[in-house]
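For reference, the structure discussed in these notes is given below.
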Amino acid sequence: MEIKPSFIELYKTGDLGKKSREAGDLLSSCTLCPRNCGVNRWQGQLGCCRSGFLPTVSSYNVHHGEEPPISGIRGSGTIFFSRCNLSCCYCQNWPISQLGQGQEVTVERLAGMMLELQQRGCHNINFVTPSHMTAQILMALEIAVRQGFNLPLVYNTSGYDSLDSLKLLEGVIDIYLPDIRYTDPGAAERYSEAGDYPEVNQAALKEMWRQVGELQLDDQGIALRGMLVRHLVLPNGLSQTREALKFLAGEISPQVHLSLMSQFFPAHRANQTAELGRSISREEYRQAVEWAEEFGLENGWHQELDDTGGGPPDRIVKTT
């Protein structure tokens, strides 16, 4: 199976440029993400994500630690954006997401990173934490396509995304890789400072599924198009895992691909809350796997816990 990235046709018709300009207009009173801060990022004003116009990139490289259809054989070309529109107290990458470690780059340089990773043989370009940078991604993509870029794009997101931004990405993003973190507004507010996360996230997942549908693989098992949802199991039921999986099966599809993650550990400020002060137990993760089976979620991956109770980040070792 061969599916060409649909943004190639958008570029030829001029629609990619239109999307880029429309997204750029949103930056003047920023509504790129659900925070709707209304700041003028063109003028360097900072909202919740603490980002002006120029994207800040913490790193870009060939990454082999994603789910098998994403990393494949030659790796995923990951571009890690600094900053985030959430403020998770347990974030494992908090120096990047909350302190903003990284380097400001132009959109031309961002396009150059995409082209370089393509030249290095990656299966795709994987934008990590992209929700506050959708305009800059579209601008960089237009430049990169002009210079021969043609890899599938992965939108690797917390799932806290606005419908307006997602609709601008229709026909641009080939593979959506969102989280579903909570179904309870209270937990979302307490642990990520986003009480509207469940409502926003569920609407976003439905829109992503509408755009790309079930994960489609080539004859080597590499993802070409579709959606793969991640769910991080938190201790003490704080991720509402049963409710999250029930939503996926009932309101998205039992065919949706699921990555059920066990790698939580009390990073950043998690130790300041007793309920997040430990890794998950074997029993908690076993129960999560059983719930996935109960709801018929048979496509995807789960991790095996090591002797300390937590699997290493991003190492998917067992298929369901």
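Placement of Cβ uses the backbone N, Cα and C atoms for every residue, glycine included.
Feature annotations, courtesy of TrEMBL:
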BINDING   Cys84, Cys88, Cys91  [4Fe-4S] cluster binding site
DOMAIN    79-171  domain 'Radical SAM core'
REGION    301-320  region 'Disordered'
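Same-chain residues that are not part of Cys84, Cys88, Cys91 yet have a Cβ within 8 Å of the Cβ center of the [4Fe-4S] cluster site turn out to be Leu86, Ser87, Tyr90, Asn93, Trp94, Ser97, Gln98, Ser158, Ser192, His268. The DSSP secondary structure for Cys91 ([4Fe-4S] cluster binding site) is coil. Taken together, the residues of the domain 'Radical SAM core' (79-171) have an average pLDDT of 97.
The number of other CB atoms found within 10 A of the CB of Cys91 ([4Fe-4S] cluster binding site), across every protein chain shown, is 20. Counting residues per DSSP class in helix, strand and coil order gives 39 helix, 14 strand, 40 coil for the domain 'Radical SAM core' (79-171).
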